[in-house]
Amino acid sequence: MQLALSRSAHVLTIRPTAVLLGIAFTALNFTPLLGSKAALVFLLMCLALVLRRPGDIAKESVGAGALWLLVGWCILSTFWSNAPGLTLRYSIQLALTVAIAVSAAYRLSTTSLLRVILISWLLPALASIAISRSNPGGHWVGIFSSKNALAQFASICVLSGWAVLMDRKGRGGWVFLALLNLLAGALLIYRADSAGATITTALGCIGMLAIAPMRFLSRWQRVFLGLAMGLFAVFAVLLITGFFVEIGDFVLRETGKDVTLTGRTTLWKIAFGQIALHPLLGQGFKGFWVIGNPIAESLWAQFGITTKIGFHFHNTLISNAVEIGLIGIAMQAGLVFFAAFSIFRWAIASPSAETLFLAGFVIRQLILMNSEVVFFTQFEAITLLTAMVIIYARRANAERREIRSDIPLRMRSAPSQKTGDARYG
């Protein structure tokens with residue numbers, strides 16, 4: 001649903017694609033609470049959205065060729081999977097998730113996407129606050145299965161709300177919704193007590209603040225600033241490496257976690273051993289964490305995972321490399337880093353609520369991927385959003401090329417707002 005609020009009149013514009021996407025996002029976020037019922041709603045919305053304009057499917061599929069290549073690789077891994085039946089099932093579900101992402105990203109502007117997120121993320125956030133369900137440790141989990149899942153969901157509330165509030169053109173009802181998202185998300189992150197989500201959300205907001213004024217810099221000033229930021233990142237890595245023990249003690253003291261980050265370094269060692277056994281192909285998409293796999297069973301027992309679901313190696317590329325091999329994660333890394341570069345360039349050249357949100361989301365993904373699994377999981381809202389961001393990055397690049405081919409060199413500028421309108425009133 002797209003709502004335009006002007007000073008003279010209130011105009012309600014309903015976009016069926018936006019409504020279907022909003023229901024799909026809401027259903028995915030409610031899946032931990034409602035289970036298969038929510039998954040069925042998502043599936044119906046997926047089919048309705050994609051098949052609503054069947055004539056566009058072929059063109060959209062060609063434009064998203066790299067994403068479909070990754071999906072094809074996951075399906076192909078059925079032939080060498082530890083659990084071929086599960087791999088095929090989950091690969092098909094991933095294909096459906098990508099299908100709705102591709103169609104939605106080609107048919108909706110980034111403005112519509114941001115508005116959909118403001119609504120479809122606020123509803124589960126309010127439900128989580130109303131339920132205020134906690135785990136045995138006293139941390140909120142809301143409608144989700146764990147405190148980390150709640151906090152990672154809430155980070156999107158904060159980033160989307162922050163992006164709209166940063167836009168000086170923002171006003172009207174969308175600013176109110178943005179403020180609600182920001183406050184609700186911040187409360188949920190605080191009550192979930194997730195250090196990872198807190199850090200990544202804060203850095204995402206800081207990143208948006210840093211990107212917004214860069215449009216006033218010259219090209220070479222941007223290059224210099226980018227190099228300086230890169231050198232700072234290298235320095236930070238070297239600093240952390242040199243003082244790992246001291247930093248580990250600080251983490252222990254401030255967050256209550258052990259120096260191995262709640263056993264993650266132990267998990268990574270085991271994961272590297274599994275990758276070494278099947279380096280190129282992996283063990284099949286979703287083919288490792290299956291009942292009957294002795295290593296998976298021992299890890300579930302070691303970490304007290306009685307449900308035997310929702311566990312992973314706490315690093316996106318490492319965890320996915322176990323399943324789809326180095327070939328698969330090379331595809332994933334290429335897609336994600338391509339999108340990151342394109343989105344950052346777009347946001348710097350044309351900062352708006354939409355582009356700043358996309359940039360903040362990318363920052364979140366790049367940081368959180370080092371401790372969680374944050375993309376390319378079937379029937380999962382963040383995977384759907386990640387795939388859409390990849391398509392928006394491609395659209396922005398295509399529009400930039402079109403502008404450069406049509407406009408003389410001295411008149412060239414950033415892409416227009418066809419992929420996103422910065423006006424919220």
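Any Cβ shown, glycine's included, is placed from N, Cα and C.
As annotated by TrEMBL, transmembrane segment applies to 12-28, 34-51, 63-81, 87-106, 113-131, 143-165, 172-190, 196-217, 224-245, 321-341, 348-367, 373-393. The domain 'O-antigen ligase-related' annotation in TrEMBL covers 182-331.
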Intrachain neighbours beyond the transmembrane segment (113-131), with Cβ under 8 angstroms and 6 or more residues off its ends:
1-3, 18, 21-23, 25-26, 29-30, 33, 104-105, 140, 142-144, 150, 153-154, 156-157, 160-161, 163-164, 174, 177-178, 180-181, 184-185, 187-188, 353-354, 357, 385, 388, 392, 420
Can you name the far-off residues of the same chain, 6+ from the ends of the transmembrane segment (12-28), with a Cβ under 8 Å from a Cβ of it?
1-4, 34, 38-39, 41-42, 45-46, 48-49, 52, 100, 103-104, 107-108, 112-113, 115-117, 119-121, 123-124, 379-381, 384-385
Near the transmembrane segment (196-217), which residues from the same chain, at least 6 beyond its ends, have a CB less than 8 A from one of its CBs?
148, 151-152, 154-155, 158-159, 162-163, 166, 185, 189, 225, 344, 347-351, 356-357, 359-361, 363-364, 367-368, 371-372, 414
Residues of the parent chain within Cβ reach of the transmembrane segment (172-190), under 8 Å, 6 or more residues beyond its termini:
3, 5, 115, 118-119, 121-122, 125-126, 128-129, 140, 142, 150-151, 153-158, 160-165, 197-198, 201, 424-425
Residue numbers, six or more beyond the limits of the transmembrane segment (34-51), whose CB comes under 8 Å of its CB atoms
17, 20-21, 23-24, 27-28, 57, 96-97, 99-100, 103-104, 379
